[in-house]
Amino acid sequence: MSQPADINQSESSAETITQGRRADRPEETPSSSVYEQNLRFGDFLMPTVGDADATDSLSQSTNDRDIYSPREIDQYTRKVSSRTDPSTSTISNARQHPRNSVSRLSRSSSNVRQQRDIPKQNFKVRPLSPLRGQSPASLRSEESFTLKERQNAINKTRAFGMRLWKPALYKKFRSINRDADIDIHDEPLKRPNTSISNVIWLICFGAPLFLVIFICYIFFTVLSFFNVPDAIVYSKLCRGLMFYLLYPFGQHVRHKVKRLSVRSPAHPIYQTQHSHYDETPTSHHPDPARLNFLSFSFCVNPMNQSLDCNTTPHRRNASSIIYTLMYYLIIAPTLLITSAICMFTIFFVPCARTLWAICRHLRTCPLSLSFRPNLALPLSMDSSDVVLLCVKKAASWKYYKYTIDGIYIIYFDMLALIIPTIFFGFFGSQGHWFTSSVFLFTASLVSIIPLAYFIGMAVASISAQSSMGMGAFINAFFGSVIEVFLYSVALRKGNAGLVEGSVIGSILAGLLLMPGLSMCAGAIRKKFQFFNIKSAGATSTMLLFAVLGAFAPTMLFRIYGPFRLDCEPCGANCQKCTKHYVLENDSLYKNRVLPFTYCCSIMLVLAYAIGLWFTLRTHASHIWQNFTADDISFLKAEEEVGEPVNQDTAGNMSDSSEGGEAVVNGNSQHHHNRDDASSGLSSNGSENESLEHEPTNELPQRPLVNQSQNSHGDDAPNWSRSKSAIILLSATFLYSLIAEILVEHVDTVLDKFAISEKFLGLTLFALVPNTTEFMNAISFALNENIALSMEIGSAYALQVCLLQIPCLMGYSLFQYYRSGDSISFKHLFTMVFPTWDMICVMICVFLLTYVHSEGKSNYFKGSILVLAYLVSMLGFTFFNY
């Protein structure tokens, strides 16, 4: 099996359009070139240099070449060819240039969006043969699963104490990333779209960039009058650059390529090009490096190979030195700042990537670049230029789904707010708007969202790559440590009401708001969804015990505790009295209730430990070791089809739609759009011995992950364990600093807006840190997996009751005895809640239990849960004593 070609990532490399392939040995050279393979399968992929996901995707496309039979390839080729409309494609515009081989590109260029219709077979896992020192049972353990399968297994089984996570933890080439590559490597023959985003670019970004580069152009023009060597060359470069940056749509960037010899069949460009010009390559062949862009720019770009920037001589003279200074002082900072601004706007991703690519090439090989309008095409056969970049639109709404290293771009953009907030919060001087309490409070609250997401991603990544015991421990510790630290800081500042409201608000959000919104969101795609009633029953049992343990001290104190009557006259012979429970200087609370709260806290932690023990010792073998081939096929079918697959032993549970490959389940075959070019099949040499492609729909044996770890695909994580650990610790440290700033300015905000600290805890402090959980729950529901959505809310409510409340009691106990029994109750978490809080939580648990008992969700039930949450919040608003 051929291996991916080494991509030259040196300074002389350019922005690539597609990934080439190279055979390891002459005898392993494929019979047909990768150009033809990509052409036939419609894999119109345009990765950037160093983009691992893109390299993985193209590597998989070549693996698919070996899976499909010649008959299937021929059928798909005819199918795609029949869809090409000569009246709308660019082929009719270039038929007058037959040497350009445009007709061969019809299936790659005009059918880019149709590449998802590729038929794909489903395979079954064959029994693993035991290796030396290993039993068949050990081979079926968790080490034999890819990371994708392990994540799906964790989500499907919903093991107690494990982190449920919707975004892919493995390397996955997403359709939005492929579209982003296409948008900056579009067909120069197509006319640009006249859109409002292009006008916004012209006014907001193009004009300022034009003025900055115009200064450099004037300077080099003046130098050219004094006959400074190469000044006129740099002047032309700046002139083309400033007009391109003013309005890049309808123009393209060219790059000169050094002429290469094609006499050697071992040359990478020769290997990927020769079969498309002549059946028998000869020395009369034209130089592939000099062919115009229409022959290879959209499939095999020579920039992907070792692009030589010495085509244009680069002499060290006064002009080059001046240009270098201008580049680092003026051009590069301007382009990079503008690129960052475009990236922060989320929707201007094509412009941001274009500016980044131009900035790189202006540093390495500026004189090899040229900027031309699209009317200058096609290129002549003797031209050594190739098309590097071609952008048709400045922005698109779809880029809110764009990912960087597996993280959505919106979370990366929000990271830019963290460091300034910490700096202004600790070192900023008063008197400025950016050091005001309102600004720092708002900025700190927003900064919590990306930090919580990164912590959740790191915890899920470590859990999926480690044993279940380690994953459960990491989730239990870091899943609650950030909230516990925030609450501890608030208690130290004397905001016990804020902590009390945050705890109640988190429970209500997990029991009502999160499942309610998930049901309403899931009804958008499917009116009814079903889940396993037995699994939901176990969760309901845990919730009932958690509520009993958390609110038992409150019930006993309300029944047996003393109270105080505060009366005021209402007339001549009447008084209006209000009953208040006071904990200070109360002997019943000190001698009876307080020890009882410590016992309840121990019981809550013990219940969590028993649940983990049951999961690790009982469910672990069921989840990992006893997974049969049918279970794995069921997981794949659920994940690839994106719909629940009927199976007697699996209940009504279905997994998320991570991908969209068509599968074969039983005797019925379902074809769906293909979202993702990655697959579980790998091409490592160590796997070839255990892989068998047979027409009996059997999946080749997958090797042990720890023995043959792929560098891409389902086996390769987005974050390694060491990287996840570093991110986890760093995000936790930053979260602690943000929590200090947030609590420091709470009192000022409360005084300015006249709201109670408990209501602030019920709303902002309870909802904002849980934004990641809401995102995961709604994403699962949209992918027709409402069971996981409801499990996320219940699991978080259990974590609050079973872990966070005992931790707060432990912190209060430490503060109570350290202060010598003289500390105020404003600095303690008493575990004695108001009566309305207790009644609300209990009713909500019974309401959710009733919804669980039916095993069916729809927008009606979701709306009822959301309305119940709103009623509870209104009660806290109008009767918050």
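A Cβ is built for glycine as well, from the same backbone N, Cα and C atoms used for every other residue.
As annotated by Swiss-Prot, region 'Disordered' applies to 1-39 (among others).
Annotated compositional bias 'Polar residues' per Swiss-Prot: 1-19 (among others), in sequence order.
Taken from Swiss-Prot, the feature region 'Disordered' covers 52-142 (among others).
Taken from Swiss-Prot, the feature compositional bias 'Basic and acidic residues' applies to 63-77.
Positions annotated as compositional bias 'Polar residues' by Swiss-Prot: 83-95 (among others).
Here Swiss-Prot flags 99-113 (among others) as compositional bias 'Low complexity'.
If you look up Swiss-Prot, you'll see Ser129 marked as phosphoserine.
The transmembrane segment annotation in Swiss-Prot covers 200-220 (among others), and the record cites sequence analysis as its basis.
Cβ atoms under 8 Å from those of the transmembrane segment (329-349) belong to residues 180, 183, 197, 201, 205, 208-209, 212-213, 215-216, 355-356, 358-359, 362-363, 394-397, 399-400, 402, 409-410, 412-413, 416 of the same chain, restricted to positions at least 6 beyond its ends. The feature transmembrane segment is assigned by Swiss-Prot to 329-349 (among others), with sequence analysis given as support.
Under 8 Å from some Cβ of the transmembrane segment (407-427) lie the Cβ atoms of residues 167, 343-344, 346, 349, 399-401, 434-435, 440, 443-444, 446-447, 449-451, 453-454, 457, 734, 737-738, 740-741, 744, all in the same chain and six or more residues away from its ends. The transmembrane segment annotation in Swiss-Prot covers 407-427 (among others).
The feature transmembrane segment is assigned by Swiss-Prot to 438-458 (among others), with sequence analysis given as support.
Cβ atoms under 8 Å from those of the transmembrane segment (504-524) belong to residues 483, 543, 761-763, 765-767, 770, 773-774, 777-778, 780-782, 784, 786, 789-790, 792-797, 800-801, 804, 833, 837, 840-841, 844-845, 847-848, 851, 857-859, 861-866, 868-869, 872-873 of the same chain, restricted to positions at least 6 beyond its ends. What Swiss-Prot lists as transmembrane segment is 504-524 (among others), and the listing cites sequence analysis.
Residues 160, 511, 581, 588-589, 592-593, 596-597, 600, 603-604, 607, 611, 791, 794-795, 797-798, 801-802, 805, 831-833, 835, 837-838, 841-842, 845, 848-849, 852-853 of the same chain lie 6+ residues outside the transmembrane segment (537-557) yet bring a C-beta within less than 8 angstroms of a C-beta in it. For 537-557 (among others), the entry in Swiss-Prot reads transmembrane segment.
If you look up Swiss-Prot, you'll see 594-614 (among others) marked as transmembrane segment, on the strength of sequence analysis.
Annotation source Swiss-Prot lists region 'Disordered' at 641-717 (among others).
Sequence annotations record features per position, and here Swiss-Prot assigns compositional bias 'Polar residues' to 646-657 (among others).
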**Message:** Counting only residues 6 or more past its boundaries, what in the same chain has a CB within less than 8 Å of a CB in the transmembrane segment (594-614)?
**Reply:** 160-161, 472, 476, 542, 545-546, 549-550, 552-553, 556, 798, 801-803, 805-806, 809-810, 813, 830-832
**Asked** Any chance the transmembrane segment (762-782) and the transmembrane segment (438-458) are in contact, meaning at least three CB pairs closer than 8 A with a sequence separation of 6+?
**Response** yes
**Asked** Restricting to the same chain and to residues at least six past its boundaries, which positions have a Cβ under 8 Å from a Cβ of the transmembrane segment (726-746)?
**Response** 418, 421-422, 425-426, 437-438, 440-441, 444-445, 447-448, 451-452, 454-455, 457-459, 462, 478, 481-482, 485-486, 489-490, 493, 495, 498, 719, 757, 760
**Positions whose Cβ lies under 8 angstroms from the transmembrane segment (794-814), at least six residues beyond its ends** = 160, 164, 476, 479-480, 483-484, 487-488, 491, 499, 503, 506-507, 509-511, 514-515, 539, 542-543, 546-547, 549-550, 597-598, 601-602, 604-605, 607-608, 770, 773, 828-831, 848
